[in-house]
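Database features (TrEMBL):
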{"type": "TRANSMEM", "residues": "108-131", "note": "transmembrane segment"}
{"type": "REGION", "residues": "154-174", "note": "region 'Disordered'"}
{"type": "COMPBIAS", "residues": "157-174", "note": "compositional bias 'Polar residues'"}
{"type": "DOMAIN", "residues": "183-304", "note": "domain 'Heparan-alpha-glucosaminide N-acetyltransferase catalytic'"}
{"type": "TRANSMEM", "residues": "190-210", "note": "transmembrane segment"}
{"type": "TRANSMEM", "residues": "225-246", "note": "transmembrane segment"}
{"type": "TRANSMEM", "residues": "258-277", "note": "transmembrane segment"}
{"type": "TRANSMEM", "residues": "297-315", "note": "transmembrane segment"}
{"type": "TRANSMEM", "residues": "336-356", "note": "transmembrane segment"}
{"type": "TRANSMEM", "residues": "417-440", "note": "transmembrane segment"}
{"type": "TRANSMEM", "residues": "447-465", "note": "transmembrane segment"}
{"type": "TRANSMEM", "residues": "485-504", "note": "transmembrane segment"}
{"type": "TRANSMEM", "residues": "516-533", "note": "transmembrane segment"}
{"type": "TRANSMEM", "residues": "553-571", "note": "transmembrane segment"}
Amino acid sequence: LVRNELPAQGLRLAALSGACHQCLYQFLAIIPPSNRSLRKLGTAAVMVDTQRPLTLLLNGSVGDREVCKIQYHFGEFGNYSLVVKTLSTSTKTVSCDLVINEGPINSYLPILFAFLVYMGILAILIVGRLFMKIDPVRNWVYKKLNPRETDRLINSELGSPNTTDSVSSDPTPRLWSTASRQRLRSLDTFRGLSLIIMVFVNYGGGKYWFFKHESWNGLTVADLVFPWFVFIMGTSISLSLSSMLRWGSSKWKVLRKILWRSFLLILLGIIVVNPNYCLGPLSWDNLRIPGVLQRLGFTYLVVAALELLFTRAGAESGTLEMPCPALPDILPYWPQWIFILMLEVIWLCLTFLLPVPGCPRGYLGPGGIGDFGKYPNCTGGAAGYIDRLLLGEKHIYQHPSSSVIYQTTMPYDPEGILGTINTIFMAFLGLQAGKIILFYKDQHKHIMSRFFIWSIVMGIISAILTKCSKEEGFIPINKNLWSISYVTTMSCFAFILLLLIYYLVDVKRLWSGAPFFYPGMNSILVYIGHEVFENYFPFKWKMQDSQSHAEHLTQNLTATTLWVIISYLLYRRRIFWKI
C-alpha cells in the first residue's frame with residue numbers, strides 16, 4: 001500500500017527486479033496527491049514480486065522528478081506500507097518509509113519439513129538394513145518371504161555384505177559384486193539422480209524460483225539436470241558401443257541400431273511435447289518441432305556415429321603406441337576432437353557473425369525490456385533467428401523463461417537448432433568419461449584422477465569465458481542458449497559428481513545407488529511417463545490453496561516419489577523399456 005501525504009503532487013510508482021539485468025523500470029501505479037481539506041490521503045495498492053530483491057522508484061507525476069528510491073526484498077504474503085511525506089516544509093525534504101503491516105511467512109519451512117520426512121524414511125531403511133544383518137531376524141524374514149527373492153533383495157537393493165560376511169554365510173551374497181563388474185551401478189545412479197531432479201522440476205518444484213529455469217543468464221537447480229543427462233548418455237554410448245563391437249557385431253549392424261534408436265527418440269519427443277491425446281490428431285499449424293527427446297535423439301545419432309566411425313582397435317586396451325602417454329583418452333581419438341572443434345567453430349561463427357535483422361551482431365541477450373529495451377525482438381540473437389527462419393515461429397516454444405522477468409514477446413526454443421551443437425559437445429565430454437573407464441579398467445585411482453583433472457580443466461575454461469561473473473563475461477552461462485560456458489561449467493560439475501558417485505557406489509560400495517539407481521535403469525519410460533501422465537491423478541490433484549508452497553511441494557514430491565516406486569517395482573520384475 002503506497003500512501004502519499006504530499007499535498008501538491010501525485011506520484012508515479014515503478015519497479016525493477018534484481019534479477020533483470022539492464023532493464024527498464026516497469027510502471028505499477030499512479031498515486032494521487034493527498035487532500036488535506038477532506039483529510040484524505042492519496043493511496044494505491046499494488047502486488048509485487050517476492051522472489052528477488054526489488055527496487056521501487058517514485059517519481060513525480062508531473063515533470064518526472066525522482067522523489068525516492070527504495071531497494072527491498074519483500075517476503076511472501078507480507079503486507080507493507082510505503083509512506084511518502086514531507087519532513088520539513090521549509091526545505092521540502094521528502095521521506096519514504098517502509099512499514100511492515102503484516103509480517104511475511106517463512107516460505108522455506110515446507111522444504112525443511114520435506115527434508116526431515118525423507119531423512120526419517122532413510123533412517124528407517126538404514127535401521128532395517130542393520131536388522132537384516134542379525135541372523136534371527138534374517139531367518140524370520142526368510143520364513144515369511146520367498147528365500148531366494150529375499151536374498152536377492154538384501155544383496156541387490158540394500159548393498160553387499162563385507163568380505164567376512166561373504167565367507168561365513170551363503171555364497172549368494174556375491175551376486176551384487178558379480179553384477180557390478182558387468183554393469184557400473186554408478187552410471188545408472190548418476191542418470192537416475194539427473195532424471196529424478198528433472199521430473200521434480202518439470203512438475204513444478206514446489207513453485208520455488210530456484211527450482212525453475214533461470215530467466216536468462218545464470219544457473220538454478222533446474223538448469224543442472226538436462227546437461228547431466230546428456231553427459232551420462234555420452235558415457236553410456238562409449239561403453240555400449242565397445243561392448244557390442246567386442247561381442248562381434250558388425251559396424252553396419254550397430255549403425256542401423258543407432259539410426260533406429262535416434263528415429264524413435266525424435267518421434268517420441270514430437271508426440272510427447274504436443275499432447276493432444278484427447279483433442280484429436282495433432283495439428284501441423286502449431287506443432288512444436290524441437291524438444292528434449294528430439295535433442296537427445298539427434299545428439300545420440302551424431303555422437304554414436306562419430307564414435308563408431310573413428311573407433312580404433314586397441315585404443316581402449318592401451319595397446320596402441322602414443323607419443324604422449326599423459327593423454328591416452330585424447331590422442332587416439334584426434335579425428336573426433338577435430339570434428340567437435342569444427343562444430344564449435346561453426347557455433348561461434350553463427351552466434352557472433354551471423355547478421356540478424358534489427359539486432360546487433362553477436363547479441364546474446366534476452367530482448368524484451370533487457371538492455372534498456374533497445375532490442376525487444378532480438379530474444380536469443382542468432383539462435384532465435386535461425387529457429388524462426390528454418391522452423392517458423394509457430395513451431396517453436398511459445399513461452400520461454402525470459403517472458404516473465406524480461407517480458408519478451410518473441411517465441412524462443414531452449415532446445416533449438418544452434419544449441420544442439422553444444423549439446424553434442426556435452427555428450428562428447430561424457431563419451432570421454434566412458435573412454436577413461438574403459439582405458440583404465442578397474443584402476444580406480446587412475447579413473448578418479450582423470451575425472452578430477454577433466455573437471456579442473458573445464459572449470460578453468462568456464463572461469464575464463466565468464467570472467468567469474470554472471471553477466472559480464474565474454475560468453476555468460478546460459479541454459480536457453482546452451483552457451484559454450486554453460487557446457488564447460490556443467491561438465492565440470494558432472495565430472496566431479498560422477499567421481500563421487502563412482503567412488504561411493506563402485507569403488508567403496510558404501511552405497512548401492514538406491515533409490516536413484518532404479519529410475520536410471522528405466523530412464524526413457526520414467527521420462528515419457530511423467531510427461532504423459534503429468535495432469536492425471538495421483539500425480540496431480542485439485543489443491544485447496546494454489547498459492548501455497550506446502551501444497552505444491554507435497555504434490556510435486558508425491559508425484560516424483562511415485563515414479564521412483566514405479567521404477568523400483570519394474571526393476572524387481574526385470575521390466576526395462578529399451579529403445
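Glycine is no exception: its Cβ is also placed from the backbone N, Cα and C atoms.
Touching of the transmembrane segment (417-440) and the transmembrane segment (258-277) is ruled out by the presence of fewer than three CB pairs under 8 A, sequence neighbours closer than 6 excluded.
Of the candidate ranges 336-356, 485-504, 516-533, 485-504 contributes the most Cβ pairs within a distance under 8 Å of the transmembrane segment (225-246). For the transmembrane segment (190-210), the list of distant contacts is 51-52, 107, 110-111, 220-222, 224-226, 228-229, 232-233, 236, 497-498, 501, 513, 515-521, 523, 526-527, 530-531, 534, 539-540, 549, 552-553, 555-557, 559-560, 563-564, 567: same-chain residues at least six beyond its ends, Cβ to Cβ under 8 Å. Here the transmembrane segment (108-131) touches the transmembrane segment (553-571). Their Cβ atoms form 3 or more pairs under 8 Å, with each pair 6 or more residues apart. Proximity of the transmembrane segment (447-465) to the transmembrane segment (258-277) is not established, fewer than 3 Cβ-Cβ distances being under 8 Å for residue pairs spaced 6 or more apart.
Per-residue confidence over the domain 'Heparan-alpha-glucosaminide N-acetyltransferase catalytic' (183-304) averages out at a pLDDT of 90.
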